[in-house]
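Participant: Take a look at the following structure, please.
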2 protein chains.
Amino acid sequence: MKAISIGLLGLGTVGSGVIKIIENHQDKLMHQVGCPIKVKKVLVQELGKERAVPIDPSVLTTNVDDIINNPEIDVVIEVMGGVEKTKEYLLQAIQNKKHIVTANKDLMAVYGAELLSAASTNGCDLFYEASVAGGIPIIRSLVDGLSSDRITKLMGIVNGTTNFILTKMTQEGLAYEDVLKEAQDLGYAEANPASDVEGLDAARKMVILARLGFSMEVDLDDVKATGISMVNEEDLHYAEQLGYTMKLLGIAHRDDEKVEVSVQPTLLPKAHPLSSVNNEYNAVYVYGEAVGETMFYGPGAGSLPTATSIVSDLVAVVKNMRLGINGSYAVALQHEKNLKTSEEIYSKYFLRIHAKDQVGVFSEITSVFTKYGVSFEKILQLPVKEKGLAEIVVVTHKASLKSYEEIFMQLRDLESIKEIKSAYRVEGSAYA
Amino acid sequence: MKAISIGLLGLGTVGSGVIKIIENHQDKLMHQVGCPIKVKKVLVQELGKERAVPIDPSVLTTNVDDIINNPEIDVVIEVMGGVEKTKEYLLQAIQNKKHIVTANKDLMAVYGAELLSAASTNGCDLFYEASVAGGIPIIRSLVDGLSSDRITKLMGIVNGTTNFILTKMTQEGLAYEDVLKEAQDLGYAEANPASDVEGLDAARKMVILARLGFSMEVDLDDVKATGISMVNEEDLHYAEQLGYTMKLLGIAHRDDEKVEVSVQPTLLPKAHPLSSVNNEYNAVYVYGEAVGETMFYGPGAGSLPTATSIVSDLVAVVKNMRLGINGSYAVALQHEKNLKTSEEIYSKYFLRIHAKDQVGVFSEITSVFTKYGVSFEKILQLPVKEKGLAEIVVVTHKASLKSYEEIFMQLRDLESIKEIKSAYRVEGSAYA
């Protein structure tokens with residue numbers, strides 16, 4: 001029986017994991033797809049380097065054409081990363097009728113629509129489960145399992161580094177800088193952690209999820225991302241007292257036919273299923289009108305979880321090849337982009353304010369909120385921290401983003417307010 | 001374009017939900033499958049009865065042949081329940097080349113292998129996502145998403161009624177009987193709750209999950225099920241003190257090539273992701289060698305979540321019809337049944353013992369454990385409850401089920417022990 005030939009672009013930890021799984025599970029894979037799977041060519045930067053897996057040197061190449069223009073290759077697995085050049089490689093492979101499996105969220109967030117459309121035109125599969133929450137089959141669940149529901153909200157803890165940092169800060173009362181350093185020492189955070197801690201990585205994943213969940217075109221530029229570098233251990237302490245847990249949350253919310261996609265540090269009630277997702281774990285919470293609340297939990301990254309997702313996609317591609325139906329499952333996005341304005345984005349807010357400790361301050365603050373019709377759900381009275389200074393923490397009822405931004409600016413200008421120390425979005429259940 | 005015709009067996013709450021979803025989502029379904037979907041015939045027990053959904057009376061029938069032997073029906077959706085007669089109906093429908101979607105866990109637990117084999121022979125799809133954890137796409141995740149991994153452990157909170165009862169008992173310190181009554185009043189528990197509270201419902205679902213997860217034939221008779229009716233609020237209190245949460249857990253565990261499937265009240269460390277699954281929610285925790293820990297959370301029952309799963313299966317069937325590949329995805333079980341003996345099933349145990357309050361009792365108890373090489377992980381010293389009586393709670397390190405059973409019998413026979421009040425299995429992470 002003819003073996004299926006794989007070309008692998010990249011041989012880092014994930015690529016090595018893919019090779020290991022394919023070799024260790026030949027029996028099981030054979031049982032599932034009915035034919036052997038063989039890694040034929042692997043693109044590397046350097047031929048002589050020592051490898052994490054034993055590999056026949058003749059399989060390695062530094063010339064991408066040996067894969068993307070090689071008529072013997074059936075499926076290209078892309079684990080090299082990068083965006084522009086990688087896109088060109090994959091488009092070329094697709095034109096050569098090769099099926100694609102990729103783990104590249106940056107690529108899919110920016111060029112996903114273009115690549116999927118090219119794949120569909122050429123009768124090729126393009127699967128990308130590993131691009132979001134590596135070990136969690138969330139894309140498959142959105143495409144198939146929840147296909148008959150109307151999803152109205154997706155909330156994701158989709159970045160392991162920031163979840164590790166926030167968990168440590170919360171559980172051990174440590175400062176952001178100290179935990180970041182520890183995470184870097186442990187290899188959980190990169191030397192330049194900007195993409196993680198500023199929320200960009202999460203934003204890319206939310207674009208991919210929002211497109212699928214709402215069947216609507218969403219671009220990376222549409223996602224407002226705020227990271228965790230300003231989160232203060234004191235905020236976590238107050239959040240705790242009020243019954244909340246802080247998470248860096250990607251939020252994709254649909255009301256009627258308009259959507260909002262954003263990433264920001266967010267307070268969640270402790271009873272919310274996302275609140276107990278700790279350390280480097282990821283989870284995606286999905287609210288569907290019929291199904292109600294569901295959540296998918298698992299490792300967000302790591303070479304083996306990611307490699308497992310890739311091989312599962314590969315199995316799907318090979319099954320489709322044997323059935324002769326590659327490219328048949330791609331469905332174009334149903335809705336055109338329709339984004340909420342800041343007047344249509346509603347949520348609760350947490351504000352921590354340092355005000356002058358004098359008569360009438362609180363009523364002055366309240367009057368700013370009242371002017372915009374926003375009332376308080378919770379107020380925390382705090383002991384004066386330094387002479388003449390009162391610390392006030394409030395959680396509002398729901399307000400539009402626009403009202404909130406105007407309230408924020410007016411508070412900041414009040415003569416009696418010394419500083420707005422922090423402000424966060426607060427989410428509840430899907431209804432709240 | 002020719003519409004796909006559905007025959008629905010049963011029009012209870014789930015059946016009504018299916019009709020509602022198909023009608024409310026015609027646009028979305030049309031977009032996904034490329035043709036209209038029409039409910040052609042519905043089997044009911046009584047024609048004249050008032051219905052939860054508006055339905056054309058000419059669609060209703062009391063004659064099952066109008067569906068299973070009707071050449072105009074393409075897909076049969078079975079939501080009538082029952083086992084023997086229902087199996088005959090579905091086999092007949094399959095012989096007539098009709099595809100099947102069922103929510104019937106009792107049927108699938110007992111006749112799943114036979115029905116799947118018949119479907120495969122006849123080129124028919126047989127999908128049953130809704131039979132386990134209604135709103136959670138767990139079957140799809142096991143079949144596709146985790147297909148390239150080697151799953152070694154599945155632990156499930158797969159019965160909403162018992163999870164509701166245990167949650168209430170834990171959070172409010174109430175007795176089993178009182179919470180059961182409340183659950184019955186609220187409609188969460190049936191008047192005859194035996195199938196739920198004795199763990200039979202959970203056992204059926206675990207059979208279905210274990211077969212898929214391990215690709216091994218497992219029968220309902222292989223599952224030892226213990227329910228929650230003996231769980232005492234005092235046990236929950238002690239569990240809490242020791243850092244555990246009590247759940248009715250289905251456990252399917254594979255070591256090497258041997259498996260164990262069981263259902264019992266089990267103590268889990270509070271940090272375990274299953275510990276925060278509360279109320280009527282379900283969750284399935286999956287440990288795969290490559291992916292590590294994942295968990296799928298959502299509503300376990302309810303007419304709309306279950307109906308959503310059914311319609312998602314229907315979408316898959318119709319896509320396959322349009323591609324001409326029905327029946328192609330069924331894969332026979334890879335392994336023959338290979339069950340662990342009680343010498344091969346290992347876990348920790350929690351025991352609560354009432355002993356005589358006299359010198360030497362504890363060392364007498366310890367010596368029984370020591371004889372079997374079992375040591376303690378935790379010991380709780382408790383105030384004497386009544387004159388002359390000491391209460392002792394221990395959590396053991398791992399022991400074989402066989403050793404545990406012998407220890408249990410020997411303890412019971414000790415003259416110094418008045419009563420073993422309770423004993424539970426304790427689970428940790430996948431490794432523990």
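Heads up, the Cβ atoms here are built off N, Cα and C, so glycines get one too.
Pulled from TrEMBL, these are the listed features:
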type	residues	note
BINDING	B:Leu9, B:Gly10, B:Leu11, B:Gly12, B:Thr13, B:Val14, B:Gly15, B:Ser16	NADP(+) binding site
BINDING	B:Lys105	NADPH binding site
BINDING	B:Glu190	L-homoserine binding site
ACT_SITE	B:Lys205	active site, proton donor
DOMAIN	B:350-425	domain 'ACT'
Participant: Where's the emptiest Cβ shell within 10 Å among the binding-site residues B:Gly10, B:Gly12, B:Gly15?
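Facilitator: Least crowded of the binding-site residues B:Gly10, B:Gly12, B:Gly15, by Cβ count within 10 Å, is B:Gly12.
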Participant: Using the Cβ center of B:Leu9, B:Gly10, B:Leu11, B:Gly12, B:Thr13, B:Val14, B:Gly15, B:Ser16 as the NADP(+) site position, which other residues in that chain lie within 8 Å, going by their Cβ?
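Facilitator: The answer, listed by sequence position, is B:Leu8, B:Gly17, B:Val18, B:Val79, B:Met80.
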Participant: What is the interatomic distance between the Cα atoms of B:Leu11 (NADP(+) binding site) and the residue listed as 'active site, proton donor', given in whole Å?
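Facilitator: That comes out at 23 Å between the alpha carbons.
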Participant: Would you say which of the recorded positions B:Lys105, B:Lys205 has the most Cβ atoms within 10 Å of its own Cβ?
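Facilitator: Result for the most crowded candidate: B:Lys205.
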Participant: How do the residues of the domain 'ACT' (B:350-425) split into helix, strand and coil according to DSSP?
Facilitator: 24 helix, 32 strand, 20 coil
Participant: List the residues of the same chain that sit at least 6 positions away from B:Thr13 (NADP(+) binding site) in sequence and have their Cβ under 8 Å from its Cβ, in sequence order, or write 'none'.
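Facilitator: In sequence order, B:Ala52, B:Ser303 meet the Cβ cut-off.
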Participant: What is the interatomic distance between the Cα atoms of B:Gly15 (NADP(+) binding site) and B:Glu190 (L-homoserine binding site), given in whole Å?
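Facilitator: So the alpha carbons of B:Gly15 (NADP(+) binding site) and B:Glu190 (L-homoserine binding site) sit roughly 19 Å from each other.
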Participant: Determine, to the nearest whole angstrom, how far the Cα atom of B:Gly12 (NADP(+) binding site) is from the Cα atom of B:Glu190 (L-homoserine binding site).
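Facilitator: Approximately 16 Å lies between the Cα of B:Gly12 (NADP(+) binding site) and that of B:Glu190 (L-homoserine binding site).
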Participant: Between the recorded positions B:Lys105, B:Glu190, B:Lys205, which lies closest to B:Val14 (NADP(+) binding site), Cα to Cα?
Facilitator: B:Lys105
Participant: Quick check for the class: what is the C-alpha distance, in angstrom and rounded, between B:Leu9 (NADP(+) binding site) and the residue listed as 'active site, proton donor'?
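Facilitator: If we compare the Cα positions of B:Leu9 (NADP(+) binding site) and the residue listed as 'active site, proton donor', the gap is 21 Å.
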Participant: Using all protein chains in view, find how many other C-beta atoms are within 10 Å of the C-beta of B:Val14 (NADP(+) binding site).
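Facilitator: Excluding its own Cβ, B:Val14 (NADP(+) binding site) sees 26 Cβ atoms within 10 Å.
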Participant: Could you round the CA separation between B:Glu190 (L-homoserine binding site) and B:Lys105 (NADPH binding site) to a whole angstrom and send it over?
Facilitator: 17
